[in-house]
Amino acid sequence: MGEPVVCTTVAGLREAIAQRVAGGAESLGLLPTMGALHRGHLEIARRTRAENDLAVVSVFVNPLQFGPGEDYESYPRQLEQDVALLAREGVDLVFAPDVREMYPDGTPVVSVTSGAAGSILEGATRPGHFDGALTVVSKLFTIMAPGPGVPFRAYFGEKDAQQLLLMQRMVRDLDHRVEIRPVPIVRSPEGLALSSRNQYLSPEQAGHALVLHRTLSALAAGELTLEQARRRVAAEPDVRLDYLVTVDPANLALVEPAPGTLALVAAWVGPTRLIDNMRI
Ligand code: PAF
């Protein structure tokens, strides 16, 4: 398989997409990422490749979605390694702009707001996070839209359940011509949901982090009440629970655990914030 073409400018990417579409590409799949790719991303990249004529992955650490004191500066950046991994998956184009290319005038004056659904759960602890993520993805959709008659699909992992729901909502509300395709969570053999931030964990912390998956599994199996599940996570050494709730997956409204509801958990393991979820 050939190396992907790496585009660093909006104009260059648009040109590359237009050429491929003119050359007969009949569909475009986009996997938006912030890089530091792991096996979870690569599974989504594989699906993006398999389901589309033209497979594009964006790699951009988006400053708008990081709050003060979060890990924007230290977020792992490893473009060369990411491109090599994507080459193995047969990805055609990598879009890797710098911050000035994406936001030439600095913080955009006009941006997407995530509303009430973006200010609960992750949004309560990370104010502005979803506004930033929606804004950059909205820009990516606009930049990459391949034009009428060419199906455009964007792939998002189910690990970020709230983000996925908000992306679906944005596409509906703003009439982006793109279909969102959710992809199931990929886990380590022990059950830890894969995340670029897992590389911050020491081996001991990675062991403690397994409490998230174990507790979700026990809750989903009806072996624990919600309160018992919260106590179990909170009792794990080096783990600080942010929230463990069950929601209606259609709108994130808090509900009692019941079949079809979605259990969401967020916790700090040492200084690293992790999230996970599971259908009950
Ligand atoms: O999920 C992520 O990695 C980011 O939020 C996304 C969708 C790439 C936007 O920056």
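Every residue, even glycine, has its Cβ placed from backbone N, Cα and C.
The ATP binding site annotation in TrEMBL covers 34-41, 157-160, Val186, 194-197. What TrEMBL records for His41 is active site, proton donor. What TrEMBL records for Gln65, Gln163 is (R)-pantoate binding site. The beta-alanine binding site annotation in TrEMBL covers Gln65.
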For the binding-site residues Met34, Leu37, Gly40, Glu158, Val186, which sit with their CB under 6 angstroms from an atom of ligand 1?
Met34
At the Cα level, what's the spacing in Å between Gln65 ((R)-pantoate binding site) and Glu158 (ATP binding site), rounded?
18
Out of Gln163, Ser196, which of the binding-site residues is least crowded by other Cβ atoms within 10 Å?
Ser196
Of Met34, Leu37, Val186, which of the binding-site residues has the most Cβ neighbours inside 10 Å?
Leu37
Give me the Cα-Cα distance between Ser196 (ATP binding site) and the residue listed as 'active site, proton donor', rounded to a whole Å.
9
Cβ-Cβ distance under 8 Å to Glu158 (ATP binding site), same chain, at least six residues away:
Leu164, Pro182, Val183, Pro184, Ile185, Asn277
Could you state the whole-number distance in Å separating the C-alpha atoms of Met34 (ATP binding site) and His41 (active site, proton donor)?
10
For the residue listed as 'active site, proton donor', what is the secondary structure state per DSSP, taken as helix, strand or coil?
helix
Could you measure between Gln163 ((R)-pantoate binding site) and His41 (active site, proton donor) for me? Cα positions, answer in whole angstrom.
16
What residues, ordered by sequence, lie under 8 A Cβ-to-Cβ from His41 (active site, proton donor) and sit at least six positions away in the same chain?
Leu31, Thr33, Gly157
